[in-house]
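Everything below concerns the one structure shown next.
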Amino acid sequence: MTLPPPIASTAANTILEKLSFCKSLNHIKQLHAHILRTVINHKLNSFLFNLSVSSSSINLSYALNVFSSIPSPPESIVFNPFLRDLSRSSEPRATILFYQRIRHVGGRLDQFSFLPILKAVSKVSALFEGMELHGVAFKIATLCDPFVETGFMDMYASCGRINYARNVFDEMSHRDVVTWNTMIERYCRFGLVDEAFKLFEEMKDSNVMPDEMILCNIVSACGRTGNMRYNRAIYEFLIENDVRMDTHLLTALVTMYAGAGCMDMAREFFRKMSVRNLFVSTAMVSGYSKCGRLDDAQVIFDQTEKKDLVCWTTMISAYVESDYPQEALRVFEEMCCSGIKPDVVSMFSVISACANLGILDKAKWVHSCIHVNGLESELSINNALINMYAKCGGLDATRDVFEKMPRRNVVSWSSMINALSMHGEASDALSLFARMKQENVEPNEVTFVGVLYGCSHSGLVEEGKKIFASMTDEYNITPKLEHYGCMVDLFGRANLLREALEVIESMPVASNVVIWGSLMSACRIHGELELGKFAAKRILELEPDHDGALVLMSNIYAREQRWEDVRNIRRVMEEKNVFKEKGLSRIDQNGKSHEFLIGDKRHKQSNEIYAKLDEVVSKLKLAGYVPDCGSVLVDVEEEEKKDLVLWHSEKLALCFGLMNEEKEEEKDSCGVIRIVKNLRVCEDCHLFFKLVSKVYEREIIVRDRTRFHCYKNGLCSCRDYW
């Protein structure tokens, strides 16, 4: 660095010349000392002013100290540069202190002084100082300056006083497009979209043409509300005024319409984009998926180059939310192959997909991906793994995850309790509940749902009653519908149907379809047809098109051989376009998933499957099996009913599993056949599976709509209570 020439002369022009050479704080200090020693008093202020201005770009703090040492009131032309520099610094409070120093020594502000001070006030939300400054501006009549007025408007909004900002806006004599945009943008930032849109309408009525920035702000705000009236109005304005749309505006428009589900309009603006960024492509994928148009979402996704983690996660989540877990896992595999590393959010979606699929081998693979990517220490991920393994039938793996967790919260304990309950391990669930309390973890509402669920599915009536009472007595937790539902289910499964009805009638809140449905199902199982009809009628009052209630009524009439009533209900269902959900069963074989419907003959091995079914039925009949046709709701011959029962989807899946095990001599690592069904297992299939587990010496695990059934040696983990 070249040092400035030594200071030898006291001439004014020489000192000023030296100022221009100063490049470091050390040089400034040398010159400062020289000025104090040599400059006479009446010229000192001028030299100090110049020194402070020159040094502000080198060391703002030192420059401020020099400025503060000036005894005479400075002129605004001198201190305004200070205000500008201070307002751009990382310490906006210094600007406010400097302003107060100016006021203290009698300095006069001009219109250029206010903006940097207002900027600093806005940064720290110093409302009191801002209001004081507003009074000063009013006194010196600078409020007529539109830049100053806009600055005060922005300051009040930044301090959370949006109404004060609007008052300033309303009192302005002249409003340009910047002023309108500032007020609209502030309304949008506060989430006051209605006010922002009204102001947008006022702006148009005032013949001020909004620019792209205003349109971006209003479009983005309207997109967050999903208000279709606003969306249509914006579209009409753009078309009527032939507005030129840049990339930012088109991005906002696509995002708005995609978020509102108006995919045709979103696609119109999407096609106008010459350059499509990743953000807008992801918005289109998300919009299509929310509308159920997964094929369109996949097309946009496939066309998107250089996809980031957010884009991949959006596509995975789309398939998960639309109940296509296999497709979600396929996309995840593609993401991993492309080199994108998953995060917690993406893994949540993948874990959810795997849980829905119910395939244990897939669950283990997902767990290995979590380990490889260093996410195993995440508490939320471990909690999700507990749920995933539980739904995939891997109770031992569930326990292993829980016990190895470095830390647990109430969600961890509740998830593990629910997993045990789901698998019929009520005693273990109760033991874990006791251990949870011993470790001083306060149970919450979800915990009690899991414990009561376990009591219900294992017939532990007295334990369930005590736990339900403890919610209010010990933990001051008000029972909700879910807890009352568990109690209704508890009494219903134990054939205490009147007690179940009393729970419903004594509830402090109105019962819903789920609770009446629980009673209705219990009545069907225990043959209480009159009470079952009563429950079904309550359901139909709440939900006239409820398929379960209509099917139950049809079932009851079928058992009573009231075929005309059965036909009447079927006619009502057809008129209302109500259909019983079809049973679907899934089994995984050698990494590939196979699905079956009732009487399904689409599978390429159908002939072999039905031949295997005939063989199995013949063997089971020797063990005493007689098909239970009570679940067949049609007036047909008994032999035809038997065929309908034997062709249930889970039986076809089981025969496929048995057949391929024997053919390939390949079994699950534990010799287990695993099946997932979307509906409740019927009584006949339940007996069928128990007998197969004994005759063929196989362990079979079935996940139905409500729980797991582990069939082994002719017994089921549900103890025939499901």
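Just so it is clear, glycine is given a Cβ too, placed from its N, Cα and C backbone atoms.
As given in Swiss-Prot:
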REPEAT    110-140  repeat 'PPR 2'
REPEAT    176-210  repeat 'PPR 4'
REPEAT    211-245  repeat 'PPR 5'
REPEAT    378-408  repeat 'PPR 10'
REGION    515-590  region 'Type E motif'
REGION    591-621  region 'Type E(+) motif'
REGION    622-722  region 'Type DYW motif'
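For the region 'Type E motif' (515-590), the number of residues in each DSSP class (helix H, G, I; strand E, B; coil) is 52 helix, 6 strand, 18 coil. Residue counts for the region 'Type E(+) motif' (591-621) by DSSP state, with H, G and I taken as helix and E and B as strand, are 16 helix, 6 strand, 9 coil. Applying DSSP to the repeat 'PPR 2' (110-140) sorts its residues as follows: 27 helix, 0 strand, 4 coil.
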